[in-house]
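Let me begin by presenting the structure, written as structure tokens, before commenting on it.
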Amino acid sequence: MALSIIIGLVAGIVTAVFTDLFVWSDRYRYYLLHRDPWIYVSLAYGLILLVAYTLRRFLGTIHGSSTSYVVKSYHWKLGYVGRKELIIYTLGALASVLAGAVVGPEGPGIALGAFFGYWISRKSGLHGEELRKMTLVGAAAGIASVFRAPLTAMAFAIEVPYKRSLETGVFMPALIATFTSYIVTVAIAGPQRLLLRIKPFKPPMPSADIISSSIGLGITAAALVYLMYFIKHYFGEISEKYGKSKYWFVFPLILATLVVVSALYISEHIPGSGDVLTEEIFNKPEEFTLPVLLIILLGRSSLLPLSLTWGATGGLFMPLVSIGAVLGLFYALLLHVPPAHIYPLMLAGVSAVFSGGQKTLMTSIFIGVEFLGFGAFFSSTIAAATAYLLTLNVSLIAGQLPEVQDPKKRTLMELIDKLMSKRDLKDKLKMKVVEVANKKVTRLLDEMTVKEALVIIEKDLHNNYPVVNRDDVLVGEVSLEVLVTESPDSKLRDLMIYPVFVYEDDEIQKLLSLMLSSNTDRVYVINKERKLVGVVSKTDLLKYALKNIVKSFIYRK
């Protein structure tokens, strides 16, 4: 308890200062746009290029999502956040938002909280899983300070590591740290800096209309999330591939041009975090027309993933909140809903986009309640749940795992990280999969019956078995549980599921990523003709990682 309070105090104070600087930078951009647009243009190009250069020079990439960095660190490095990364992500976010990149303050806030959570906990003697979870508590304290929203932050700590699961063992520490952070932040810096002036509204009575509208809005939000996900991954892969070449500057130059053109010639609300835009949307919805809303919606939905993969850095929360508010108003005006339903649908849009984009269902509902009250709790819950269910495997946060990993996989991830962090061992991850595969595999023919299969596996029991055809081509997988529960005369071809596989020439690093993303304990290895070569289990990878690390220590001696 005492440790959570200390983390909340430190994270709250530091993040409150950062948030004020971020809000000032974001709003000063509006001042420059109206007072001296050419100074703004110069700043936009100069700052985005500077941030991109810094990311590339010191972190080896022009991708700048600090939220993704913290989630990856949580899973792979026991939550370790380096000083170098922290400085780049915090100062880079201030420069990025001043330039007009579509980024939010919560990513650096998460990084600040995680940094202090890690180091305070480590100095207090925590190790292993306890240390990892306290860094998540620190990240939650950072969120509570940025948004003055302790319930949102507490839910975030539980939800953000996984797409379809919750982290256990952090509820009470996160609750204490977030409320401590909230109290100290409000005492020092005053009430929330974001979304300061939004008027309350009366919640509508639940009805068939509001239910159907909320479901429809959730479906629309899911489609928008898929669009942002496609842009992030398609254009992100391009920048990752060519961003390390001598022409790396092309991507931040294009990003700066898109930001400047949007701000000067389309709408001043397209660039930036979206804080001012969200206030305008909720307080003066009558000033926005359908064409304007559509342009802002598409512009911000495109610039957000581009900003975080083409040279800027920051977070996702505030941009997603603003995109959701625009979507909600656009949807309400398009369908000519009753006036009493406009505000609830705007807030439902916020929750739906937030939930679908980050796989944080409870957080998306709490953020609306803590920002704007209970006026749209009903519609927000329906829309958020709909968007979440329709986008289960999609997230704008890189590094989220599908579900909680077992201890053996966690150990494997940490060992692999040790390999990646050492120059003399890093090349071991570029070894071909076939080098670590177990080639003595009991395989079953697809035309076999369950009775015939049980006779074969009697002396070689495993949880799962590959299913092949007469040409030894991998066609499926069947579990022992299925074999012992199904009819003895059933054919395996009717019981098998699609297998997870890699090619024998793929690298071990790809194998590990596939194993984690598909949440499986084994991956089959095939050749170009799709014939079964072997299988790699998490135990095989653990042995491989340990063997190379031990060899490294012996060699040093």
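Just so it is clear, glycine is given a Cβ too, placed from its N, Cα and C backbone atoms.
TrEMBL labels come from automatic prediction, so no person has curated them.
Quantities reported herein were computed from a predicted structural model and do not represent experimental measurements.
Feature annotation from TrEMBL assigns domain 'CBS' to 495-552. The transmembrane segment annotation in TrEMBL covers 38-55, 86-116, 136-158, 170-190, 210-235, 247-268, 288-308, 315-334, 369-390.
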Verify whether three or more Cβ pairs under 8 angstroms connect the transmembrane segment (86-116) with the transmembrane segment (247-268), leaving out any pair fewer than 6 apart in sequence.
yes
Note to self: Are the transmembrane segment (315-334) and the transmembrane segment (38-55) close enough to be called in contact, which here means at least 3 C-beta pairs under 8 A that are separated by 6 or more residues?
What the structure shows: no
The answer for the transmembrane segment (38-55), taking Cβ pairs under 8 Å and residues 6+ beyond its ends, is 29, 32, 61-64, 88, 92, 95-96, 98-101, 248-249, 251-253, 255-256, 259-260, 263-264, 310-313
Sequence-distant residues near the transmembrane segment (86-116) by C-beta distance (under 8 Å, 6 or more away from its ends) are 7, 10-11, 14-15, 18-19, 21-23, 25-26, 28-29, 40, 43-48, 50-51, 54-55, 58-59, 64-67, 69-70, 73-74, 79, 135-136, 138-143, 145-147, 181, 194, 255-256, 259-260, 262-263, 270-274, 300, 303-304, 306-308, 312-320
Lying 6 or more residues past either end of the transmembrane segment (170-190) yet within Cβ distance under 8 Å of it, the residues of that chain are 1, 3-5, 7-9, 11-13, 15-17, 19-20, 113, 117, 133-134, 136-138, 140-145, 148-151, 153-154, 157-158
Reduced to three DSSP states, the domain 'CBS' (495-552) has 25 helix, 17 strand, 16 coil
Looking only at the domain 'CBS' (495-552), mean pLDDT returns 82
